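Straight from Swiss-Prot, the features:
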type     : residues                                                                                       : note
TOPO_DOM : 1-4                                                                                            : topological domain 'Lumenal'
TRANSMEM : 5-27                                                                                           : transmembrane segment
TOPO_DOM : 28-106                                                                                         : topological domain 'Cytoplasmic'
TRANSMEM : 107-127                                                                                        : transmembrane segment
TOPO_DOM : 128-267                                                                                        : topological domain 'Lumenal'
BINDING  : TYR222, ILE223, TYR224, THR225, SER226, GLY227, THR228, THR229, GLY230, LEU231, PRO232, LYS233 : AMP binding site
TRANSMEM : 268-288                                                                                        : transmembrane segment
TOPO_DOM : 289-620                                                                                        : topological domain 'Cytoplasmic'
MOD_RES  : LYS291                                                                                         : N6-acetyllysine
MOD_RES  : THR577                                                                                         : phosphothreonine
Amino acid sequence: MLPVLYTGLAGLLLLPLLLTCCCPYLLQDVRYFLRLANMARRVRSYRQRRPVRTILRAFLEQARKTPHKPFLLFRDETLTYAQVDRRSNQVARALHDQLGLRQGDCVALFMGNEPAYVWIWLGLLKLGCPMACLNYNIRAKSLLHCFQCCGAKVLLASPDLQEAVEEVLPTLKKDAVSVFYVSRTSNTNGVDTILDKVDGVSAEPTPESWRSEVTFTTPAVYIYTSGTTGLPKAATINHHRLWYGTGLAMSSGITAQDVIYTTMPLYHSAALMIGLHGCIVVGATLALRSKFSASQFWDDCRKYNVTVIQYIGELLRYLCNTPQKPNDRDHKVKKALGNGLRGDVWREFIKRFGDIHVYEFYASTEGNIGFVNYPRKIGAVGRANYLQRKVARYELIKYDVEKDEPVRDANGYCIKVPKGEVGLLVCKITQLTPFIGYAGGKTQTEKKKLRDVFKKGDIYFNSGDLLMIDRENFVYFHDRVGDTFRWKGENVATTEVADIVGLVDFVEEVNVYGVPVPGHEGRIGMASLKIKENYEFNGKKLFQHIAEYLPSYARPRFLRIQDTIEITGTFKHRKVTLMEEGFNPTVIKDTLYFMDDAEKTFVPMTENIYNAIIDKTLKL
């Protein structure tokens, strides 16, 4: 009997060692899945409550429990939960009483990072009004498109964006849209002010009846994402999805004692849904900055006692490129949440700035699948959790990059790729993993659906991303497919850029694509041009046109002049070869140009310019 007992005890003692050797990530996998399952259980219970428990409800509870706790830190200003609560009450009352807004009326917000963005958003939640988050870099046609597809009745804009507002004001007035600056004075005829109205109303709590019709399926916010259709698409985010946006903050163990620092724009889902909402759910503090500054980043972290930072890959690279200082590790930052971080930058970042736990993730604003690299393996964007896969039925399928479509077998069904091979990420659309789609028509939504994937009648969400899962079940990002690439943390739709470039009088045809640049994340814009007969290329004119109509991250920095633009049998531009050839003047025989910001023109591409870009002495 004793030998059996000793054998059993020895087995128990050896079990952790055996698990570590055979299944080194099992405990982390189980822990992560249990956190997700617990969150899903709580969100299901929130749905069943009457009224439903929304992010707003979580904020109100925090304001009641810890009214004097700092909620927002901005420059030298500190706002408590109670102060933001009362200010958002005033916003809701002003919009309700003086503008006549009611639940369901959409309001577009066109401004940068500042506390007003947060208390306006909370005020809209108290009214039951969805908010359209307009990218403050967009202009003219794109701005009007974003505004119109969400059906907004009111535009609230920063006075800093006066020129952009005035450009589209005649069209907005024609559409009976009310336009207000988030200020107390206006220098634009036809544009009113909102802060004076907010100042003049009560800060007492708003009636729940103002938002009584809000359910989990009610649209809460529209966040814009560029896609293959050219113009930005308004992803519909309902109140149910807002909760799942906080998943990364909760799964990474953020608590009420944390101070989260974000320099990313609040019109992005990362800053709004992960940063702000994650902060609210746990009762933490959010430190805001209007725009990212590499030179001020760590000073801000020390000033605000930051413990958690948000990033995109480019951001951490910028920090690594700053001159080293003796106090590089003199900070309290323990965690970093974000995506797009290259392995070499990751290593350099933690080597220089300390053992900061980096939580890299993969997700999209509108998608129904996401991954988190909770074991923090450098270079991976996430982990394919076996238990998670039982709920979210995703696959990687073979994809023909040249034809820009999935590969199908003789029966017409998609083909799963084995581990270690790159494939298109798709996830089945179910009640547990829904795809809500986009506002402004069904066409864009339908384009993101793949039908008859593995059997007749099934429907999957097409992520548009090529990923790879290795033999250890770690997920790696490979590339984007179709007509979208990513630069400076922003999605760039090639068709939108091509439409703008094609308006120049000497351009007959244009093919826009992204090319990789050594030492940089994503791909930078490049355009192949065919010049009209009897016209000449004019670099200064093209520069002025592009600078006027495109934000800096979307501007093609390289041009390639061609006699013929190649197309496929289905009349799509061929991009693969062009992308592979890049912008090296010693390889490409066609005439190349470089966008020179200092000279405000396109100049001939030379070996010296090319070498300066490769050596990083010329910044892009």
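Each residue, glycine too, has its Cβ placed from N, Cα and C.
A map of Swiss-Prot features onto the structure.
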residue : record           : Cβ contacts under 8 Å, 6 or more apart
TYR222  : AMP binding site : CYS106, PRO130, MET131, ALA132, CYS133, CYS150, ALA234, ALA235, THR236, ILE237, ALA439
TYR224  : AMP binding site : ALA132, CYS133, LEU134, ASN135, CYS146, PRO232, LYS233, ALA234, ALA235, TYR267
LYS291  : N6-acetyllysine  : GLY112, ASN113, THR263
THR577  : phosphothreonine : GLU566
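If one looks beyond the transmembrane segment (268-288) by at least 6 residues along the same chain, the residues whose Cβ comes under 8 Å of a Cβ in the stretch are 55, 58-59, 62, 65-66, 69-74, 113-115, 118, 121, 133, 221, 223, 235, 237, 242, 245-246, 248-250, 254-262, 300, 304, 306, 308, 310, 312, 337-339, 365.
When Cβ-Cβ distances below 8 Å are used as the criterion, the transmembrane segment (107-127) is approached by residues 54-56, 59, 72, 74, 77, 79, 84-85, 87-92, 95-96, 101, 133-134, 136, 143, 146-147, 150, 152-158, 160-161, 164-165, 182, 206, 210-211, 220-221, 262-263, 265-267, 271-272, 276, 286, 288-291 of the same chain, each at least six residues removed from its ends. In the three-state DSSP scheme, TYR224 (AMP binding site) is classed as strand. Mean pLDDT across the topological domain 'Lumenal' (128-267) comes to 92 in this model. When secondary structure is read from DSSP and collapsed to three states, THR577 (phosphothreonine) falls in the helix class.
Shown for the topological domain 'Lumenal' (128-267): DSSP residue counts in helix, strand and coil, namely 46 helix, 30 strand, 64 coil. Its Cβ placed at the centre, PRO232 (AMP binding site) has 23 other Cβ atoms within 10 Å. The DSSP breakdown of the topological domain 'Cytoplasmic' (28-106) into helical (H, G, I), extended (E, B) and coil residues amounts to 49 helix, 9 strand, 21 coil.
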